[in-house]
Structures are given as structure tokens and as C-alpha cells.
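To start, the structure itself, in C-alpha cells.
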Amino acid sequence: MSYRKELRVAELAVQRAALLTQRVFHEKAKGTLSKDDKSPVTIGDFGAQALIIHAIRRSFPTDEIVGEEEASSLRENKALADQIWRLVNSTKLEDEAAEEQVGGPIKSQREMLQAIDEGQSPGGSRGRIWALDPIDGTMGFLRGGQYAVCLALIVDGHIKVGVLACPNLPVDDSTPLSADVANDSGEGRGVLFSAVLGSGATSRSLSRGALEKSQSIHMKDVPNITHAIFCESVEAGHSSHSDQADIAKKLGITRQSVRMDSQAKYGSIARGAGDLYLRLPVRADYEEKIWDHAAGDLIVREAGGHVTDVEGRRLDFSLGRTLKENKGVIAAPKAVHEHVLDAVRSVLDSK
Ligand SMILES: Nc1ncnc2c1ncn2[C@@H]1O[C@H](COP(=O)(O)OS(=O)(=O)O)[C@@H](OP(=O)(O)O)[C@H]1O
Ligand SMILES: [Mg+2]
């Protein structure tokens, strides 16, 4: 299957949702709530989820969706629901045909809340399931850093399509990786990464999204691992900075890591702006959600990389809403992945 329609709808839906998040990004008050697990959620998360689910429902009504958010807190908070509705209701793609392909506008606030709640699939190894993280790296989003709007189609447990919008990454694939978003107007920023299984990975400017021609992206060769640029999470609670530093040292890497939030890390290494992404668990009992990795996993693999856990196994997206166990993520170009994994094993064995 070519998954052409799925790719088109996913790209346009993610592009429209990213427009909404960009508006919230520039506002001081982001309508932030705290979820049961204490992680933050903003009006941007809810609005982006509504728009993307609306688009998927229109084109693929029988598909399931595993989404990060649900609307119960909004049903109890009319002011917040109104605020999200104003945003959702006024975010459109400029191109009319494109807007039509993502289902046109949502008709009412009620329909919006319903759409948000349609991301409750339990996931699993059968059927067509979309994994949606409307804002990955919400902490980065709040801090003024990197974040990503992420969508992937998983069919019978295998990722077929992955799309990532990274509104704060430079458009130019060759810009050296850096953590800062600079205090600029956002000009020259905003990338849309996409991949279809077996067809390679691409990038293009987010501002015109799927209406613009894309270019192929590839991971960089790493002739000398000691010069590799590795990226990791900003939050020390999300991955172990100390284990990652030990692994880098073991590999002879002297350069400081680049810390950035969200799946922007996967996109960045896929286009060769960085080389490695290390995500060593801090707590083994924290369950990593599939939506935090699905699109990035495919984009890196299609760009010539391997993505595994610390035991060298591919991430397993077939089990439900979470990955099998939290065994971390090691993403690297194929040619050096085994070498990196040896360093990971040696560091972890010594603990
Ligand atoms: N304890 C713990 N361990 C591992 N991962 C966790 C943990 N807590 C949260 N999360 C998830 O991390 C997602 C953001 O990951 P990042 O790599 O972007 O981290 S960070 O934002 O740089 O800190 C973040 O995604 P969003 O919730 O979509 O923002 C969380 O799903
Ligand atoms: Mg999120």
C-alpha cells in the first residue's frame, strides 16, 4: 500500500494543528492545567488534538486513535473550553482545497469536545491506529523551547506513516544543531518531517506544509564517533543525564550534548543536524507512551537509522498505549548503532 492519502491528510492535519500551537506559543497565558500525572497540558494541546482528530475522522472514520488528551477537565471549566473553542474556530489552512482535505471547520464547541474524547483507543496489535501527541514536549513549549506536533499511523502493530511538525526548528536542514530558539520572530523556523514505511523520510518548510515540495533527508555518516553530536532531553526527570554522559564519555565524545525537548530530537538526527539520540530511563516503572515515539521512530529509520531500546530491540508499538517496558531509546545511524549499544551495555553493566 502506498498510504498516499494517509500521508497527505496527516501532513495537512498536523500543519493546521501546528498553526494553532504557534498562536498559543506567542501568548503569555497558555491556559495551563495540571493532569492527574502532574504533567502540564495547555489550550494548545487540547486545540491541536481536536483539529487532528476531526481530520482523521473525516477521511478515515473507522480508524482508531490513541491520543494523549481527554476533555473531562474542559467540561468542568467553561472558560477554558470557550478559550479553546475560539482558537479552534479561527485556525484554518489558507488553501481552501487543503482545508477541505482536513475536514473543514469543526461546527460547534460540543463537536470539538467530542473530537478531543475520540482519542481513547486502547491501542493494540490489530487494525489501523493513529498515535497522536498534539504537543510533545509541553515543558519545552511552556519554556519557549522546542516542541513537536506528532502523528503516526500504526497498522497491525507496525508504523506505516509518521509526521512531525517542529515549529521552532530551523527550516534549513543543514543548520548546526543548537538548543536555543533564539529570541527571534520565528522567521526561518518551522519544519514538517514525514516518512512512509519503505519510501524514505522528507522535510519541508512548515509554513506551506504539504503544499510545498519536500526534500529527502538522511542521517549523517559518522566516520569518527568521537566527533558525534548527541542530543538528549532537557528534563533530568525524563532521561538520565548522568548515564548519557557516561556513555558519551565511553564513546570518546567530548562535545557537550544538545538538550532539547520533544521528538524534535528524532527529526534533528534524521536530517543529519545531529548524530545520536540517547534516552536512558530514570525510572524503569515509568511507562513511555507510544505517541511520544511513533512518528520519530519511523522518520529516523527511514532516514537510515536504527532505533532500539538499551537491549537492542526495536521499540514495540503493538501492545497498547504504552511501549513494552521503559527500556530507553538509542537512535543512531545504522553503521554506528551497534558500537553505541556496546557503550550503553558497558556503562549499564558497570552500575
Ligand atoms: N518520568 C518520565 N520519564 C520519561 N518520559 C517522561 C516522563 N514524564 C513525562 N515524560 C514524557 O516525556 C515527554 C517529553 O519528552 P522529552 O524528551 O521532550 O523531555 S523533555 O521535555 O525534554 O523534558 C512528555 O511528553 P508530553 O507529555 O507530550 O509533553 C512526556 O510524555
Ligand atoms: Mg503532549
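Cβ from N, Cα, C; glycine included.
Long-range C-beta contacts of D133 (Mg(2+) binding site), restricted to its own chain and to partners at least six residues apart, with a cutoff below 8 Å, comprise G67, E68, A148, V149, C150, L151, Q263, K289, W291, D292. Annotation source TrEMBL lists Mg(2+) binding site at E68, D133, I135, D136, D292.
Every protein chain considered, the tally of other Cβ atoms within 10 Å of the Cβ of E68 (Mg(2+) binding site) stands at 23. Fewest Cβ neighbours within 10 Å among the binding-site residues D136, D292: this applies to D292. I135 (Mg(2+) binding site) counts 32 other C-beta atoms within 10 Å of its own C-beta, drawing on all protein chains shown. Note: the Mg(2+) site is recorded as E68, D133, I135, D136, D292; in the same chain, D45, L132, P134, G137, T138, A148, C150, S262, Q263, K289, W291 also have Cβ atoms within 8 Å of that site's Cβ centroid.
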